[in-house]
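**Student:** TrEMBL lists 14-74 with the feature domain 'HTH tetR-type'. TrEMBL lists 37-56 with the feature DNA-binding region.
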Amino acid sequence: MMAAQMKKTDPRVVRTQRLLRKAMFELMEEREFEHITVQDIADRATIKRATFYLHFNDKQDLVHQCISELLEELHNSMEYSQEELENFDFTSREAHPSFIRLFHHIAEHYDQYQALLVKNRIPALSTG
């Protein structure tokens, strides 16, 4: 990805990439992924098409970055400390804290998962 060549801590880069991710998910709520163009994404994000290409190679690159970030956050939500493991009563009827964090993550990102898994069935995430 071209964005790796940029300083990821530059607030302008962070802002632009956030706008592009938001635009992608908004558009995926409205229509199928195949019918979304880079120009559509750029217009929705209120940036120039050339700026899009400074950050991503194409719309597939953007959606894969979106998926990677969601999966990384999902993974992080499932992590637990050694203390949690040692102090958790597995015989109780309570859910493990990592499961609670998992469900909070899914609820927080419901629209993104809905767009990726249900509405658009991105091939990388779907078997059929």
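Numbering starts at 1 and runs along the chain as it is shown here.
Each Cβ is built from the backbone N, Cα and C atoms, and glycine gets one as well.
Heads up, TrEMBL stuff is auto-annotated, nobody curated it.
Note that the coordinates shown come from a computational prediction; the quantities given were computed from them, not determined experimentally.
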**Student:** Averaged over the DNA-binding region (37-56), what pLDDT does the prediction give?
**Tutor:** 97
**Student:** By DSSP, what is the split of the DNA-binding region (37-56) into helix, strand and coil residues?
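**Tutor:** Helix, strand and coil residues of the DNA-binding region (37-56) number 15 helix, 0 strand, 5 coil.
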